[in-house]
Amino acid sequence: MPRKKEVVSGNFVKYDAVVLGSGPAGEGAAMKLAKSGKRVAIVDIREQLGGNCTHVGTIPSKALRQTVSSIIRYQRDPMFKKVGDWKQFTMKQVLRNAHKVIQQQVDTHSRFYDRNNIDVFHGRAYIQDKNTVIIFSEDGIKETLGFKQLVVATGSRPYHPQGLDFNHPRVFDSDKILDLDFTIHKIIIYGAGVIGCEYASIFIGLDHKVDLINTQHQLLSYLDDEIADALSYHLREQGVLIRHNEQIDHLETFDDHVVLYLQSGKKIKADAILWCNGRSGNTDGMGLENVGLTPNSRGQLAVNDQYQTEVENVYAAGDVVGWPSLASAAYDQGRCAGSNMAGEKDVKPVKDIPTGIYTIPEISFFGKTESQLTEEKIPYEVGQASFRHLARAQITGDTVGELKILFHRDTLELLGVHCFGNNAAEIIHIGQAVMQSGNNTIKYFVETTFNYPTMAEAYRVATLNGMNRLF
Ligand SMILES: Cc1cc2nc3c(=O)[nH]c(=O)nc-3n(C[C@H](O)[C@H](O)[C@H](O)COP(=O)(O)OP(=O)(O)OC[C@H]3O[C@@H](n4cnc5c(N)ncnc54)[C@H](O)[C@@H]3O)c2cc1C
């Protein structure tokens, strides 16, 4: 049973800590604080918990991507082809599965708050002063909460440039695309960051035409060059038209199509446009000025290594503090903030994080790239394992992909792990675990017996491949 709220006077409730936002950062902080014996409340605008991560970000996009992968797998498998004809699925059809997963996630996370006696409030939070937050419902003031400490974990939203009308039915951002309810054949995706590339995979997988407009000269330039090249190659091979180094001039909207004019003089017609260029922190209109905090031009708050803002009793975590703007890190940042707030000593801030990109094929890496090691003049060697030679990949049919390990040629220390192909985001964690352990040389992969057949075998194959290069 949830603990009863302590009502101090009227509708004023006092807490040790109030957390604003129930995404992964808010949840991480709230759970840690509750486990440390603090009286905690969490506030979210939505009627359901889980944050943007669950409702419009990580979860729906990954559920969508999974359904599209299954469709692709079904359609390429000659055995299934005999069973049924090739079918085209619409975005609306595949979204049904995503909505089911969202509800399952909401239910799971809601139980965590119940179990940990965390009071949940729904409404827009406004910080009145250093110890008071007001929660507004749509029809006026709802509740006033007192706090000793505050966590701002209000996340981020898609950036909307001036001049684009996101109320037009054919102009989408990554939140609105989940409500797409009409059939399209061609879409322009503006912005080729992680979200743009992931949605390019989803739409091309549904057999739509995709123009991916990249404002940079290559896709995801922080990736190892070989992996970025592989991503470009496979997206193009599937039919995505990638246009690099382009900038929007303006967009014309019509009842049944849009036309994008680029500064280079090109014009592109499509059924719809999905804008994936940048995100802003959710900090406006929430009274931060009342405690003396000013977000930067992207709406983000500055924090120190403890996730504490310039105001002693106000902490912030997740997308609202900027880097790395990932759900994976947001949870740990929130937890870290909670630990510091509870007075724990020597809490390490979130630093070394893996990158997982759920394009088709999937991409993941941890550690350094070849360019970084070359620039740092570290004598490294490369070990490669192509998925097409692995028994497990041949069995599952997931033969597109590669694991590449980078290691010091003298000490054999593992320096970087880069993978593309199905389940890359899972496979990478073996390399990450080894890199962060006391036994961080590639000898681990040849002195340890792994299950067979597995994709993990790629580590052994890549190690042997790399060792053959040593002399
Ligand atoms: C399409 C897409 C795909 C993504 N895929 C991945 C992925 O595969 N892996 C990954 O790690 N990350 C992914 N991300 C990023 C990930 O979703 C975010 O990093 C994560 O959601 C950030 O969590 P958060 O807790 O900071 O905030 P959020 O999840 O943004 O939640 C913040 C909550 O605070 C609420 N809020 C805002 N203002 C107020 C207020 N004034 N009062 C009360 N409540 C308020 C919001 O309504 C929201 O519910 C993706 C993002 C997008 C958009």
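Easy rule for this one: first residue shown is 1, then count along the chain.
Glycine residues also receive a Cβ, built from the backbone N, Cα and C atoms like all the rest.
Per TrEMBL, domain 'FAD/NAD(P)-binding' is recorded for 15-334. The predicted model assigns the domain 'FAD/NAD(P)-binding' (15-334) a mean pLDDT of 95.
The FAD binding site annotation in TrEMBL covers K62, T154, G155, S156, D319. Taking the Cβ of T154 (FAD binding site) as reference, residues of its chain lying under 8 Å away and at least six apart in sequence are, in sequence order, L20, G21, A125, G281, N282, T283, M286, V320.
Positions annotated as NAD(+) binding site by TrEMBL: G191, A192, G193, V194, I195, G196, C197, E198, G278. Same-chain residues at least 6 positions away in sequence with a Cβ under 8 Å from that of C197 (NAD(+) binding site) are, in sequence order, L212, L219, L220, L231, L235, I357, T359.
Per TrEMBL, the feature domain 'Pyridine nucleotide-disulphide oxidoreductase dimerisation' maps to 353-460.
Neighbour counts were taken as the number of other C-beta atoms within 10 angstroms of each residue's C-beta; across the binding-site residues G155, G191, the minimum falls on G191. Checked against ligand 1, the binding-site residues T154, G155, G191, I195, G278, D319 give T154, G155, I195, D319 in sequence order as having a Cβ less than 6 Å away from one of its atoms. When the record's FAD-binding residues K62, T154, G155, S156, D319 are compared pairwise by CA position, the greatest distance found is 21 Å.
Cα spacing between G193 (NAD(+) binding site) and D319 (FAD binding site): 16 Å, rounded to the nearest whole number. Same-chain residues that are not part of G191, A192, G193, V194, I195, G196, C197, E198, G278 yet have a Cβ within 8 Å of the Cβ center of the NAD(+) site turn out to be I189, Y199, C276, N277.
Considering only the binding-site residues G191, I195, G278, S156 (FAD binding site) has G278 as its nearest partner by CA-CA distance. Under the DSSP three-state reduction, K62 (FAD binding site) is assigned to helix.
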